[in-house]
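**Student:** Questions regarding the structure given below will be posed in turn.
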Amino acid sequence: MNSQAPIDTDEAEPFPRRRTVAVDVGGVLVGGDAPVVVQSMTNTDTADADATVAQVAALARAGSEIVRITVDRDEAARAVPHIRDRLARLGVDVPLVGDFHYIGHKLLADHPACAEALAKYRINPGNVGFKDKKDRQFVAIVETAIRFDKTVRIGVNWGSLDQELLTRLMDENSASARPVSARAVMREAIIRSALLSAELAEETGLARERIILSAKVSNVQDLIAVYRDLSRRTDHALHLGLTEAGMGTKGVVASSAAMGILLQEGIGDTIRVSLTPEPGGDRTREVQVGQELLQTMGFRQFVPVVAACPGCGRTTSTVFQELAERIEGDLRRNMPVWRTRYPGVETLKVAVMGCIVNGPGESKHADIGISLPGTGETPAAPIFVDGKKVATLRGPNIAEDFEAMVQNYIERRFGVAAAPAAAAE
Ligand code: SF4
């Protein structure tokens, strides 16, 4: 084969999505043919209903399709139905997941209104109880899920791995003629914990259509190995996430690297990006990163794309960077309202370019684009709409004028009045 031949476009695709059993989480489908779902978790004290309602609403408006809250004590369990009611009054119907550890069986039994208000219960098999209590308490939660017709996520985490299971597998490995590394045993223990717990849940009577599995670790290579193996061994719907991914850039890169590879291989039905927010930081960032990951890889479209050049020595001003940031911020901020007002607006592509070298070309490929003047160029910014130059902006208000043109374009192309014309195209 000629090494200069172009790559066949069929090769520029992810592997086929791995087939899993579809699971309903309060009306949101996870697995089966459903698109990969983005979810998030609050960091408020659930007993503080005001703070929790505000954060769940913010996460949902940012695009989180499922939100998890901690249910760690009676006060939190008591608050859950009120949180659900108050969200409904705000028009926020995002399904809520309760995160239970150690006393989940008791909290669910003592607070049936909480059990009813939640769409899914998350159980960590390593934190459900010890020795003979372990299975009994796990089964009690599963029975509650059956009674209230709820879904369960069996969420194994390497930091709280079932120590009895790990010790048994370590002992078996030491006695084996061909022992593997301790790290490989740890990975096997994580997978085995998820699969054995799923088996117990199904023996208790919970349908496979009501079970989601996760097996989180904090090391990227281990996470990839664990999920590859897990996906080979079961058709349960899988929740992906790198635990303790960390703060800022490190957390974003680690999560994107690990989950990007797995998603490319068709593995994963729902994702959560576990970022440690900076003090006072915005919790919705984890939703934004999850959406960007799926959108960048071409799996889903959530927000319009702003293509901006990185800048170089041909431009000494930061005008185009500021404009790109401004446009991107506006688009994201407006999306909660625009999703319903302008159906399809998430497919919009805007270009903000820094000079004449790539500016006009990139702008022509966008729905609407601006090519700002580079150093030494005439102080004029040509505007391209649907591939054609339609105007040239000059003067001190270029940014405001371009923003107004973007808004007009959105109204014209995606506004309700535009629907019949668009449909007829
Ligand atoms: S478009 Fe111009 S300013 Fe932007 S990176 Fe390319 S050459 Fe540099």
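Even glycines carry a Cβ here, placed using N, Cα and C.
Dumping what TrEMBL says about this protein:
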BINDING   C309, C312, C355, E362  [4Fe-4S] cluster binding site
DOMAIN    20-290  domain 'IspG TIM-barrel'
DOMAIN    306-407  domain 'IspG C-terminal'
**Student:** What are the sequence-distant neighbours of C312 ([4Fe-4S] cluster binding site), meaning same chain, six or more residues apart, C-beta distance under 8 angstroms?
**Tutor:** G354
**Student:** Using a Cβ cut-off of under 6 Å to any atom of ligand 1, determine which of the binding-site residues C309, C312, C355, E362 qualify.
**Tutor:** C309, C312, C355
**Student:** Using the centroid of the Cβ atoms of C309, C312, C355, E362 as reference, list every other same-chain residue with Cβ within 8 Å of it (recorded [4Fe-4S] cluster site), in sequence order.
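**Tutor:** Output for this site, in sequence order: P310, G311, R314, T315, F320, M353, G354, V357, N358, G359, G374.
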**Student:** Give the mean pLDDT for the domain 'IspG C-terminal' (306-407) on the 0 to 100 scale.
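**Tutor:** Mean model confidence (pLDDT) across the domain 'IspG C-terminal' (306-407) is 88.
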**Student:** By the DSSP assignment reduced to helix, strand and coil, which category contains C355 ([4Fe-4S] cluster binding site)?
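**Tutor:** In the DSSP reduction, C355 ([4Fe-4S] cluster binding site) maps to coil.
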